[in-house]
Amino acid sequence: MSETTSTNEEKKLPLNGRRAIPPNNSNDEENEVPEMEAFGLIPRGFNPRDYLRVEDIYMFKEPHEINKQEHHTDKYYNPKLIVRRGQAFQIQIYFNRPYKPETDQFWLEYLMGRYPQQNKGTYIPIPVGNVLKPGQWGAKIIHRENNSIRLSIMSSTTCIIGKFRLYVAVLTPFGILRTRRNSATDTYILFNPWCQLDAVYLDDEKEREEYVLNDVGIVFHGNVEDIKSRSWSYGQFEENILDACLFLMDKAELELSGRGNPIKICRVASAVINSRDDNGVIAGSWNNIYDSGVAPSAWTGSVDILLEYYSSKQPVRYGQCWVFAGVFNTFLRCLGIPARLITNYSSAHDNNANLRLDFFLDDEGKVDTRLTKDSVWNYHCWNEAWMTRPDLPVGFGGWQVVDGTPQETSDGMYRCGPASVQAIKHGHVCFQFDAPFVYAEVNSDIFYTKMEKNGTQVIESIDTTHVGQLIVTKEVGGDGMMDITEEYKFREGSDEERLALETAVMYGVKKQSIQDTTYQPQTDVEMDFQAQKAVLGNDFKVTITFRNKSRNSYTATTYLSGNIVFYTGVTKSEFKKHSFSAKLEPSSSSSFDIVIKSSEYMSDLLEQASFHFFVTARINETGKILAVQKATILEIPTLRIKTKGELVAGKEMSVIVEFTNPLKQTLENVTLRLEGPGVLRTIKKQFGRIPMNSTLTWEVKCIPMRPGLRKLIASLNCDALRHVYGELNVQIQKP
């Protein structure tokens, strides 16, 4: 006896003095709903079979049927009904006899979670009426035939997003008769960008097709002068992905009643996408050691990551910014929030958000890595989600920055956004959430400061144009790049730009004014630095050019430091030091070439084959310093993909991946990955070694499921070589 009581005790959740019922934050949990809810004593001889009884409910849930077609949910690989809120859908109910409206009374009930409550939107009774009001719950009969009726049901435009359980309730004189719990009638309700009353309404059909329905995208990486792109499979319609995305909201413990609000969903998702402080989806790693997991560069899409997390409930190792952004994009598009992946080139990671990145120089004019804490990332990826912002003044709706990469804490957790892009552009950084941080990422200035022996700081040079030079996303309807820098900032040097900066400073973004410090730059000599395009494993040259605009002769003591860096701008090692004295004749230009040998960089090379050069030159006659920094990236070889056989849905075809090793060394422990939404699930294969100059060939047989234009994406990964990709567009024919 005592045992049973103790288990009962355990089942009861602890109540606290502030709430009458426990928190309702799991879409998965259920309560028991009685099939017969009596009004009092039931008289003898009462037989439920004498009354109207539901025999069957037909949901029109097949991809080719009316509901999924009209609601743009026919691509979801999910057998249940999926509809979008604020738009009518149909179901058919079969009774044990013809329905008599004069005497029979029935209604529908949608329930979510373990403690459904009407005022929280988790218990929704829907009486059958004569008219449907736009944007409000309701149901009306549109067809009657024999024992069946067809209903048109309208959901509210502010309805909670998630999975509802459906019951049909019939009134009898002695109580309410309900249908049995039947998971086949479960109904998913998603955001609706096609509905004008929805907070995520987007008015352009081509944009909806791109930002909600496209299941592959492009990640732009590299750096400003050498933009690279790779495909990413979002796979938001693949099997179990919708459930995995709903599970993320359970994991973040977002109250069910808050799940109709895209602002709240984005805010909690930006925290749960990374594993810091809440055991979220992806563990970040920027140290080039990935022994106990998958290297960030090896992933080809979000599906594997989300499914692994959904089954193991443990963070998936490892990610870097584009992986966090790719998975976040899948989550948003899957739930119906329009979303796109953004790349900001030369992104400032400003540790104290003072809109100023400090690079400290030592006596020789070299950068002092001990003192320099700020860094410029070659690029940083985040997301934009489209929604209205009723919590902000008019004009700040539209695209909102959300970022799942753990950089800095916000309200005590690693998360960022949603921050209005419009507010960032105009400097209105007082509006929630995290606008000052994003403003600094795209607008900081770089200060080169020399530390004197007595501790005073002398500013030698200021670069106001390096950070946030280019902000891009994939174009709508194609694989090209769209420049959206102007959405984030006014043109450099324009009056509007200065005004936006003054506004941001007024709203509390810290910025030291130049006037506080002694700073007289050398204006009559300009220095420029260019690096030759180079292929991984080859020598290349860099060129330093001086332009002396004055009538004086100068000599410049010049120092070049070449560093192998993470794409976050953090140095791993200095592989090249070179100093020389340059003679600068009056009113003329002079160039100096320096050769970088492959033997100098290959042993320490990191996965993104990324270098960072600092050049500092002291004009001996005036003591002034010129400084310039530049990132450069090596060309990495690509994978070749081809197909064999007929490309027809339901028929077997072959995909062949080829790679030739270009390095002067053997590649060991090579992993290949291949995936293509609608064509094949991710496949991995290990290869022991690929000798130099030899070619690896891998053939995979598969049966494509869906006709249409599809994309195959492959990656190759090993310790000596990462970020090797290939892709191929394939047109799958209808059978």
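Quick reminder: no glycine exception, Cβ is built from N, Cα and C everywhere.
Sequence annotations record features per position, and here TrEMBL assigns active site to C321 (among others).
TrEMBL lists H380 (among others) with the feature active site.
Cβ neighbour count for D403 (active site): 30 (other Cβ atoms within 10 Å of its Cβ, all protein chains included). Sequence annotations record features per position, and here TrEMBL assigns active site to D403 (among others).
The annotation Ca(2+) binding site is assigned in TrEMBL to N443, D445, E492, E497. All chains included, 17 other C-beta atoms sit within 10 angstroms of the C-beta of E497 (Ca(2+) binding site).
Here TrEMBL flags 313-406 as domain 'Transglutaminase-like'.
According to TrEMBL, the region 'Disordered' annotation covers 1-32.
In this view, the densest Cβ surroundings among the binding-site residues D445, E492 belong to D445, judged by other Cβ atoms lying within 10 Å. Per Cα geometry, H380 is the residue among the active-site residues C321, H380, D403 nearest to E497 (Ca(2+) binding site). The active-site residues recorded for this entry are C321, H380, D403, and the Cα of H380 lies nearest to that of E492 (Ca(2+) binding site).
Ranked by Cα separation from N443 (Ca(2+) binding site), the active-site residues C321, H380, D403 are led by H380. Among the recorded positions C321, D403, D445, the residue whose Cα lies closest in space to that of H380 (active site) is C321. Each of T464, T465, V467, G468, K489, G493, L501 belongs to the same chain as N443, D445, E492, E497, is absent from that list, and has a C-beta within 8 angstroms of the C-beta centroid marking the Ca(2+) site. The Cβ of C321 (active site) has W377, Y379, H380, C381, W382, T405 as same-chain neighbours under 8 Å, each 6 or more residues away in sequence.
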